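Here the structure is laid out as structure tokens; the discussion comes afterwards.
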Amino acid sequence: MSMSPIIIALDYSEEALVWDLLNKFDDEKLFLKVGMELYYSCGNALLSKLKEKGHHIFLDLKLHDIPNTVGRAMQSLARLDVDMINVHAAGGKLMMERALEGLDKGTAVGKDRPICTAVTQLTSTSEQVMQEQLRIAGNIEEIVVHYAKITKDSGLDGVVSSPLEVPLVKEACGAAFLTVTPGIRLLGDARDDQQRITTPKQARGLGSDYIVVGRSITASSNPQQALQTIKTEWSEGV
Ligand SMILES: O=C(O)c1cc(=O)[nH]c(=O)n1[C@@H]1O[C@H](COP(=O)(O)O)[C@@H](O)[C@H]1O
């Protein structure tokens, strides 16, 4: 079964809330993101249950540590048989290479290694914050493209960025290099803590391979309708 381009971020700390949401989608097989909040609360047991239901899983733990630690952590995480996983590109090339080696070692024979991406600059980071607080000089597009290039050189499959940088990332790294893009909002939704945002339709038009959507679905009074709107926008965005 092919993976949906729309990844729903399950940003909850209680399992009951996950099932409350998923029950609204009947038996639809979804692409779900389990991030730090949910993984640290519910762990591997919940991942197994989601897999049993036939959903695809993006395990978003954004690993960032010394190369040896990340490599060994990835070897452990590979055993969970998730479909996508990520690191921070700020950890550097050696760390990303070790991450991939760890995933290769930990993936069971006959299984596919999870897609591995690296976060370039968080979509909650503005250019001003990047320059003034992180002391990274340059404009945000240049920096995202630079991080994308070192990610590609390290052998990873793609990056996490805002949709706004996707055309430049594809130009620099090739059309097959994946772009996973959070920072998605429907018109009229609150921006919350996100800085570099687009609608689902704009993201598709800019060439995103996958969009990550949390609060536009999970905080909606009608999550099913919100997902339907996002699917329609996605199909209209080409
Ligand atoms: O790696 C991610 O998924 C991620 C990277 C990034 O730069 N920005 C970002 O928002 N995310 C995740 O994407 C989701 C976005 O959630 P909403 O802002 O509610 O749509 C959250 O779960 C974030 O952890």
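For all residues, glycine too, the Cβ spot is worked out from N, Cα and C.
Positions annotated as active site, for OMPdecase activity by TrEMBL: Asp60 (among others). In three-state terms derived from DSSP, Asp60 (active site, for OMPdecase activity) belongs to an extended strand segment. Counting every protein chain shown, 26 other Cβ atoms lie within 10 Å of the Cβ of Asp60 (active site, for OMPdecase activity).
What TrEMBL records for Lys62 is active site, proton donor. Shown in sequence order, Met36, Asn86, Val87, His88, Val119 are the residues of the chain, 6+ apart in sequence, with a C-beta less than 8 angstroms from the C-beta of Lys62 (active site, proton donor).
The annotation active site, for OMPdecase activity is assigned in TrEMBL to Lys62 (among others).
When secondary structure is read from DSSP and collapsed to three states, Asp65 (active site, for OMPdecase activity) falls in the coil class. Its own atom aside, the Cβ of Asp65 (active site, for OMPdecase activity) has 16 Cβ atoms within 10 angstroms in the protein chains shown. The active site, for OMPdecase activity annotation in TrEMBL covers Asp65 (among others).
Residues or ranges marked as substrate binding site in TrEMBL: Asp11, Lys33, 60-69, Thr123, Arg185, Gln194, 214-215. A 10 Å cutoff on Cβ-Cβ distances gives Leu61 (substrate binding site) a total of 16 other Cβ atoms nearby, all chains included.
According to TrEMBL, the domain 'Orotidine 5'-phosphate decarboxylase' annotation covers 5-230. In the predicted structure, the domain 'Orotidine 5'-phosphate decarboxylase' (5-230) carries a mean pLDDT of 98.
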- prompt: Checking the recorded positions Asp11, Asp60, Leu61, Asp65, Pro67, Thr123: which ones have Cβ within under 6 Å of ligand 1?
  reply: Asp11, Asp60, Thr123
- prompt: Counting distance between Cα atoms, which of the binding-site residues Asp11, Pro67, Thr123, Gly214 is nearest Asp60 (active site, for OMPdecase activity)?
  reply: Asp11
Integer Å distance between the CA atoms belonging to Asp65 (active site, for OMPdecase activity) and Thr123 (substrate binding site): 21
- request: Between Asp65 (active site, for OMPdecase activity) and Gly214 (substrate binding site), find the distance joining the two CA atoms and give it rounded to the nearest Å.
  value: 26
Message: Within its own chain, what residues at least 6 apart in sequence put their Cβ under 8 Å from the Cβ of Pro67 (substrate binding site), listed in sequence order?
response: Gly91, Gly92, Leu94, Met95, Glu97, Arg98
